[in-house]
Amino acid sequence: MTGRLRALWRGAIQSRFVRSFGVLLSGSAVAQLLPLAVSPLLTRLYTPAQFGEYALFVSGVNILSQLVCLKYDFAILTAKTDEDAAALFRLCLALSLVLALLLSLAAPFAPQISSALGAQGSGWLYLLPVGSMLTGLHSALTYYNTRVQCYRRITGANILRSAVLAASQVLLCFAHLGAFALTLGQVLSYGAACLLLWQKVAPFHRSAAGQGMRSAARDYDAFPKYTMPGALCNTAASGSVSFFLATFYSSRELGYYSLVNRVLATPLTLVSTSVGQVYAKELTDARENGDPKRVFRRVAGVLSVGAALLFLLLFPAAPALIRLVFGEQWGPSAAMLRILLPMVAVRFVVSPVSSTGIVFGRQLPTMLWQAGLLLAALLPAGIHLIHPMPLTHYLALQSLLMGLCYLILLIYCARLTAKGGQNHA
C-alpha cells in the first residue's frame, strides 16, 4: 500500500497536470484566503437575513448564468480548431448581451418576486441581468485562457476577483446599502476579473472577425442541446435550496446556510474548479493519444485523500470554530455544516472529473444524470409540502440523496475512462 502511494506521488510531481494545477491552486489558495479572512468582519457588519438575500442573488446568478452562453463556452475548450474557438467566443459574447437584455424585462416585477421569496428588499433582483451576463462571460473567458494554457492569467483573475469582492463588500457596508452592498460587490468582482481575462482574448477576438458564428453554432449544437440542460439541472440542484429555505423557513435561516457555503462550499469549489480546468484539458489530450484512465485515477485519488482530511478535521471542530470566528449569533450554522459536510466532501471529489462524459462526447448520459441530481434536490421540497419537516431533517435528506447521485457519477466516469473512450463521439 505504501509503495503504491509513493509511486502515485512520484508520478504526480513529474506530471504536466500537477504543474499546471499547481499554478491554478496557488492562486486559488490566495483567492480563498481573502474572502475567508474578511468573513468574520462581514458577519459582524451584516445580519443573517441580509446574507440570506445575498444567497438568493448568488443562487439566481448561478442558475441563470448557465443560460447566458447556452454552454457554448465549454465548447471553446474542446473546439477542433482555433478558428472554431474564436467563432464560439464571439457567439458567447453576443448571447450574453442578448440574454441579459431579456432578463432585464422582468425588472418591473422585482418587488412581487422578492416578496414571494420572503426577502426584505428587491434591490438584488435588479442586478441579476448584469450579474448573470458577467458570470457567463467570465466562464467563456476562462475556458479560452485554459485552451491556450494561460493558467497564470486565470490565477491572477481569481485573486483579483476575490480581492475586489472582499474590499467592496466591506466598504459598501458603510454606505448603508444593506444586502444590496453584498450583491453589488459580487457584480464588481466578476467585472474586474473579466477585464483581466479579456486582455489575452482581445487580439484573438479581433482576428476572428470574419468567422461565422452561425456555422459554429450548428457544428457544436450538442452543447446547447445536451450540455446546457444538464448544467442547468446541476446548478439548479445546488441553488434551489436557497429558494426553498427562504420560502419554507426564513431568510434568516437561509443566512445561516449561506455562511456554510461561504466558509466551506465556496473555497472547495475554487479548488475543484482549478483541478477541473486542467483535468478537462489533460483528458482531452489523453483521449486521443494517452491514457485517460491514468489521468482520472490520479486526480480522483488525490482529491479523495483531501476530502477525507477535510471531513476528519472539520466535523468535530465545527461548533466551536463557527462561534469563535464568526460570533455567537452564527452558531446555528454549525449544525448545518455538519449535516452537509459528507455530501460536500463527495462533491469535492466528483465535481472536477464530472466533465469526463462531455470530453468523450457523452452529453446525453451526463444530462440524464444531472436531471437526476435535480430530482434528488427537489424531492425533499415535495415531501415538505406534504409533510412539513424541521430544517435539519430537510437538509439531511437532501444531503443523502445528492451524495448518492455524486457517487453514481464517480463510478460512471471511472468506467468510461477505463474503456479509454474507444467509442467516443
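Just so you know, glycine gets a Cβ as well, placed from its N, Cα and C.
Now, the feature entries from TrEMBL:
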- 21-42: transmembrane segment (TRANSMEM)
- 54-75: transmembrane segment (TRANSMEM)
- 87-111: transmembrane segment (TRANSMEM)
- 123-146: transmembrane segment (TRANSMEM)
- 158-181: transmembrane segment (TRANSMEM)
- 226-249: transmembrane segment (TRANSMEM)
- 299-319: transmembrane segment (TRANSMEM)
- 339-360: transmembrane segment (TRANSMEM)
- 367-387: transmembrane segment (TRANSMEM)
- 393-414: transmembrane segment (TRANSMEM)
Any contact, the transmembrane segment (123-146) to the transmembrane segment (226-249), with at least 3 Cβ pairs under 8 A: no
Range from 87-111, 158-181, 226-249, 339-360, 367-387 with the greatest count of C-beta pairs under 8 A to the transmembrane segment (393-414): 339-360
Intrachain neighbours beyond the transmembrane segment (367-387), with Cβ under 8 angstroms and 6 or more residues off its ends: 226-227, 229-234, 236-238, 240-241, 244, 248, 357, 394, 397-398, 401-402, 404-406, 408-409, 412
Among the ranges 54-75, 87-111, 339-360, the one whose Cβ pairs under 8 Å to the transmembrane segment (226-249) are most numerous: 54-75
Tertiary contacts of the transmembrane segment (87-111) (same chain, 6+ residues out, Cβ under 8 Å): 64, 67-70, 72-73, 75-76, 79, 122, 125-126, 128-130, 132-133, 136-137, 140, 144, 201, 204-205, 208, 211-213, 215-217, 220
